[in-house]
Amino acid sequence: MINLILLGLPGAGKGTASEQIVDKYHLAHISTGDMFREAMANKTPVGLEAKSYIDKGDLVPDEVTAKLVEERLGQDDVKNGFILDGFPRTTNQAELLDEITTRLNKQLTNVIAIDVKEETLIDRLSARFMCKNCGATYNKFSKKPKVEGTCDRCGGHEFYQREDDKPEVVKNRLEVNEKMNAPLKEYYDKKGLLATVNGEQAPEKVFADIDAILSKD
Ligand code: AMP
């Protein structure tokens, strides 16, 4: 059983790595960012509350996010293991997650941090675009759809740039997340769960390194 957290700043490659991990290990992929975007698109109460924070690049309050995660972790498809992508982002969230995994009896097995330099993150986020239909992510330079104008995952033809990937917001998002990144890594290092991979490498190499860690257990 693998119950994994992927740590990494926005643009580190958590989404791309998650897709590859899901293909091989069939884990439930739980991305709080994706869940918030879906909630905003559907204008649910959580979506409406989250929007004001997300548009500025700030974090949604911990209680709101933790509740969303607890509900999701309780669903049936999580029983064969999960990847948490984008949660926790603060040590307070990590403590809340400890309570949640204890309540649900789903202990963490691995925490993998994908490390990438800040300049690389800015370049990647500004070149990132998404499928309007399924949310698959692409990059203008390094990860174009196989057929131009058609989403590899769902065949959709409409793409957009995330509001919070625009330069005005990216700077704040990185600052907000960077502050918490080192303490979070330390939190899991102390528990003996943390491994780190070099996210500057090509996506296949990043996945190979992650795979080596996951297949050891
Ligand atoms: P992401 O797609 O992971 O970059 O998330 C997009 C936005 O959703 C973030 O900038 C936050 O505003 C919000 N968000 C996602 N995950 C969390 C979290 N764990 N805690 C607080 N806010 C979050």
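Here the Cβ of each residue, glycine as well, is placed from N, Cα and C on the backbone.
TrEMBL lists Gly11, Ala12, Gly13, Lys14, Gly15, Thr16, Arg128, Thr137, Tyr138, Gln201 with the feature ATP binding site. The Cβ of Tyr138 (ATP binding site) lies under 8 Å from the Cβ of Arg128, Phe129, Met130, Cys131, Lys144, Pro145, Phe159, each of these being in the same chain and 6 or more residues away along the sequence.
The feature AMP binding site is assigned by TrEMBL to Thr32, Arg37, Asp58, Leu59, Val60, Gly86, Phe87, Pro88, Arg89, Gln93, Arg162, Arg173. Listed in sequence order, Ile5, Ile30, Thr32, Thr65, Val69, Gln93, Leu97 are the same-chain residues at least 6 apart in sequence whose CB falls under 8 Å from the CB of Phe87 (AMP binding site).
Its Cβ taken as reference, Cys151 (Zn(2+) binding site) is surrounded by 21 other Cβ atoms within 10 Å in the chains shown. Summarising the annotation, TrEMBL assigns Zn(2+) binding site to Cys131, Cys134, Cys151, Cys154.
Note on the domain 'Adenylate kinase active site lid' (128-164): DSSP counts are 2 helix, 12 strand, 23 coil. Summarising the annotation, TrEMBL assigns domain 'Adenylate kinase active site lid' to 128-164.
Counting residues 6+ beyond its ends, the region 'NMP' (31-60) has Cβ neighbours under 8 Å at 14-15, 18, 68-69, 72, 84-87, 89-90, 135, 163-164, 169-173, 176 in the same chain. Among the features that TrEMBL reports, region 'NMP' is placed at 31-60.
For ligand 1, the neighbouring binding-site residues among Gly13, Thr32, Val60 are Thr32, Val60, by Cβ distance under 6 Å. When the binding-site residues Gly11, Cys134, Cys151 are ranked by how far their Cα is from the Cα of Asp58 (AMP binding site), Gly11 comes first. The two recorded residues, Gly15 (ATP binding site) and Cys151 (Zn(2+) binding site), have Cα atoms 16 Å apart. Comparing Cα positions, Val60 (AMP binding site) lies closest to Gly11 out of the binding-site residues Gly11, Gly13, Cys134, Cys154.
Annotation note: Phe87 (AMP binding site) sits in a coil segment as assigned by DSSP.
Cα of Gly13 (ATP binding site) to Cα of Arg89 (AMP binding site): a span of 15 Å.
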